Amino acid sequence: MAPEIFVKFKCASRDIKLLWASVFLRLLSYGLTNQVLTLFLNAINMTEDKIGLFMSLTLAGDVICSYILTWYADSWGRRRVLVYGCAMMLLSGLVFSFSENFTLLLVFAIFGVISPSSDEVGPFKSIEEAMIAHLSPHNARPEIYAIHALVGTIGSALGAIICGIFVDLLKRTGLAATDLQCYKLVFLLYAFFAFCKMVIMLLLSDATELDGHYEHTDCNEETAEPLDVNDETAPLMRQATHPEERSNKLSKETVSVLMKLLVIFMVDSLGSGFMTSGWMVYYYSKQFLMGSLALGTLFFITQLVMASSTIPSSIIARCFGPVRATLLVQIPSGIFSILIPMAKNYLPLSILFLNLHFATTAMDVTPRQILLTNIIKPRDLTKVMGVVNIGKTFARCVGPIFTGILANNNYLWLCYIISGSLVITADLILACMFLGVDAKIKKQMNRH
């Protein structure tokens, strides 16, 4: 499987490689700000409950903007939407670098692109994943999505350690007199990487605008069929012959599947929102009094651990099918999350549980992408991925409010338990709704 990964990497089209570079820079940028956002807000005298509200409003704004941008991305132009997103990243970074005004920061956090954690925000993820689906055949998707997840996670890891080293260097050299000045310079670096990402988006070819209305030609692949839970099928890429297919409406079959997906992903994201990586940084900073370099090193290691799990995730998906693969990795991840606060007085054990959590938490990314791209009709894929990611972000909006309140009352540790419990619940719902399609998707993935 590993050699096959390298073959897919080497043989990938120029556009897919550019998309990999894009997700690398984006997650690197989010990794930078993830290390300092909660500490920055605390440094400008925001209370913990107010920080939680700030994060929730940021995510709520992302829901609204992402909904509009992803829903109309196909008609407005995917590349144009991605370039706009990069511009908003750049502006947000500049505002956070030069302002301490709560209202101004909140406006640019809501309408710009600032990640309250190292997770995805903005319209990028759903549009890029839809592009990859339309640029790659079914039998190559597990490896291509695994590489996509891998480079993103590596970017996030590098962002964490770069931030730690950068802040430590600023303090040692005297270039920044206070922690707050260091945090502002980190946001300036974020703006620079946003500009680099914008350049990459401008280099994408016209092929990234193609979708399910066009034939996918691959001399080694038979025409693949998307699966739905009712066993209905449709060609992977075909010419649209009915005006309804060119409209912005989803088919009835797609809406039925989408409702089930939303329940699963929103419960999962509700759990994730209770303890984002931004709050994890805050937890270790306050609970164990860790400095910037130590925090950067810790989350660099956790992100590397998470990155190393993305390749095995494609192997597990091929062997067991996407649904069983998700269950095998996500239930242990939830359990490890619950165990983290049990070691709140013993740092080495806490770090062990944290790394075990990160080792399993991202292993469901590839299986879930495979599930989505196999049960959704190609012409609906961009919109469905957009709605799913928006639903996930909306669900994540709820958690930070309660996290802030709990943190303000010295119960931040409880959020680990709530988070893990909700993730396990989402996995059980997934098993009930989609376990039956595993065998067919597995067969389609392993077709040569």
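Glycine too: its Cβ is placed from the backbone N, Cα and C atoms.
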For the transmembrane segment entry in Swiss-Prot, name the matching range from 30-50, 72-92, 387-407.
387-407
Compare the membrane side that Swiss-Prot records for S13 with the one it records for I132, and say whether they match.
yes
Look at the binding-site residues G386, G391 and tell me which residue has the greatest number of other C-beta atoms within 10 angstroms of its C-beta.
G386
Given the cut-off of 8 Å on Cβ pairs that are 6 or more apart in sequence, determine whether the transmembrane segment (147-167) and the transmembrane segment (94-114) share at least 3 such pairs.
no
Near N389 (ATP binding site), how many other Cβ atoms are within 10 Å of its Cβ?
26
So, do the transmembrane segment (51-71) and the transmembrane segment (334-354) meet, by the test of 3 or more Cβ pairs under 8 Å (sequence gap 6 or more)?
no
Around K392 (ATP binding site), which residues of its chain at least 6 apart sit with Cβ under 8 Å of its Cβ?
F265, M266, D268, S269
Let me spell it out: take the topological domain 'Cytoplasmic' (72-93), skip the flanking residues so only those 6+ beyond its ends count, and list any with a Cβ under 8 Å from a Cβ in it.
22, 26, 29, 65, 108-109, 111-114, 122-124, 127-128, 130-131, 187-192, 194-195, 197-198, 201-202, 204, 208-209, 211, 248, 382-383, 386
Between 94-114, 185-205, 288-308, 387-407, 417-437, who has the most Cβ pairs under 8 Å to the transmembrane segment (334-354)?
417-437
